[in-house]
Amino acid sequence: MQKRLVLNQQQIQIILKRFCHQLIENHDNFENTVLLGLQPRGIVLLDRIVKELEIVSGEKVPAGYLDATFHRDDFRRRDFPLKANETKINFLVEGKKVILVDDVLYKGRSVRAAMDAMIAFGRPQKVELMVLVDRKLTRDYPIMPDYFGIRVNTLDSQYVVVEWASQGQPEDAVWITEKEKK
Amino acid sequence: MSQLSTRHLLGIKNLTEEDVNLILDTAENFKEVINRPIKKVPSLRDITIANIFFENSTRTRLSFELAEKRLSADVVNFSSSNSSVKKGETLVDTVNNILSMKVDMVVMRHSSPGAPHFLSKNISANIVNAGDGTHEHPTQALLDAFSMREKLGDLQGKKIAIIGDILHSRVALSNIFCLQKLGAEVMVCGPITLLPKHIESLGVKVELDVRKALAWCDVANVLRIQLERQQIKYFPSLREYSLYYGINKKMLQQLDKEIVVMHPGPINRGVELSSDVADSKQAIILQQVENGVAVRMAVLYLLAGVRS
């Protein structure tokens, strides 16, 4: 199977640092800002950013995990329902600036579902999207990230795989692979 | 896996251990949903569910209806007392008439054991058994197991005593199947006349002395005396039953541990449970009711989620 490395550990670390500085630039002291990681894979990136932000700015930004399984638009269109993950949000987003964090932006459908799910916690003042990888040619919905690590041209016949050392992989990395033909 | 092995929930007996765990895990997600400021998700918005109740119900019916509404399903309610069933219509005809109005799922309670099984062979919609006579009440067993798991963690090796009218109780049977699948040890306790013959063949312990049962267990799931199902007298009087089998605060205080007290409702205060027990911190009766909505949401979501 063909496999191409797009980002290595060092590049990912540089991107995380850049994300932190961009956030500080736009959100000052994070007084009215919260971060929401999208389950299941966005939460690893979220945890890293929260940790990095604490080092860079000294601020501990309120953060939560958001699961959008029950808001997806492909329910009953799959062979079986997706297993839900934990939503852990100990605050309301009413009037807040929310930054949604995910690893890969592909069709934009998960982000649409996530925005729907987020509304259950209040009406935010503003919503931004931060992704590590933006797959720019595959979007189904008019959704664009406000912050992205790398923008890649990919086909539907390819996967973008994000690996994290914290999840037992040898090191942090982003790969593009070909889907196996059925 | 995130798929049930069945397209109907007719009873716990035919579910696998994975099915039970999948429902309980999914219910945890739904419990978080129903504690949000906005308690509704859009998952079942293109689904219509008929609640068909041929027998009285307060909690189960309300709980199912709330679960359906929290999942954004369209709901129609039917009770036999003011319907054409009284004019002699058969069960299959009644349900087929409802289904021809484009109903996707049926939640049914019926006084005859096996009624939902019979229906599942004759109609195409998903069926959820909300209690069939003295046979099974699967969602009650699932919410009981969920509540126990929430309180005690993993149920492997935990000791659960089911106390009261085992003979007429569908909750008892579903509880036994469900708890055994989760690895718990189960004991039934009640007057000998209210214990089914050969109940020990299900692999449960049998105890006649309620004090010994309480001393043995981690959880006491106390059942109501179902007078409406008793055609003959199984014990001399309610007062005598209460004297021998009623659980009061003093009995719990005499134990060397704090056990959890559960009851599927409705409680007959002063018969199976005294008020000071029913209202105590050890009793999780109202948590059971709250969990019932989450568990029923999980069941409906998982059954409806298969490609249509």
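Cβ from N, Cα, C; glycine included.
Feature annotations, courtesy of TrEMBL:
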type    : residues                                                           : note
DOMAIN  : B:7-150                                                            : domain 'Aspartate/ornithine carbamoyltransferase carbamoyl-P binding'
BINDING : B:Arg59, B:Thr60, B:Arg109, B:His137, B:Gln140, B:Gly265, B:Pro266 : carbamoyl phosphate binding site
BINDING : B:Lys87, B:Arg170, B:Arg224                                        : L-aspartate binding site
DOMAIN  : B:156-303                                                          : domain 'Aspartate/ornithine carbamoyltransferase Asp/Orn-binding'
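Over the domain 'Aspartate/ornithine carbamoyltransferase Asp/Orn-binding' (B:156-303), the average per-residue pLDDT in this prediction is 93. Counting only same-chain residues six or more apart in sequence, the Cβ atoms lying under 8 angstroms from the Cβ of B:Arg170 (L-aspartate binding site) belong to B:Gly131, B:Asp132, B:Gly133, B:Thr134, B:His135, B:Glu136, B:His137, B:Gln140.
Relative to B:Arg224 (L-aspartate binding site), the binding-site residues with Cα atoms inside 10 Å are B:Gly265, B:Pro266, the candidates having been B:Arg109, B:Gly265, B:Pro266. Highlighted in sequence order, B:Ser57, B:Thr58, B:Ser63, B:Ala130, B:Gly131, B:Val171, B:Pro264 have their Cβ within 8 Å of the centre of the Cβ atoms of B:Arg59, B:Thr60, B:Arg109, B:His137, B:Gln140, B:Gly265, B:Pro266, the residues recorded for carbamoyl phosphate, and are not part of that set.
Broken down by DSSP into helix, strand and coil, the domain 'Aspartate/ornithine carbamoyltransferase carbamoyl-P binding' (B:7-150) contains 64 helix, 27 strand, 53 coil. Non-local neighbourhood of B:Gly265 (carbamoyl phosphate binding site): B:Arg59, B:Arg224, B:Ile285, B:Gln288, B:Val289, each in the same chain, at least six residues away, with C-beta under 8 Å from its C-beta.
Within 10 Å of the C-beta of B:Pro266 (carbamoyl phosphate binding site) we count 9 further C-beta atoms, all protein chains included. Summary: among the binding-site residues (B:Arg59, B:Arg224), the fewest other C-beta atoms within 10 A of the C-beta are counted at B:Arg59.
A simple way to gauge crowding: the CB of B:His137 (carbamoyl phosphate binding site) has 27 other CB atoms within 10 angstroms, across all the protein chains here. When each of the binding-site residues B:Lys87, B:Arg109 is scored by how many other Cβ atoms sit within 10 Å of its Cβ, B:Lys87 comes out lowest.
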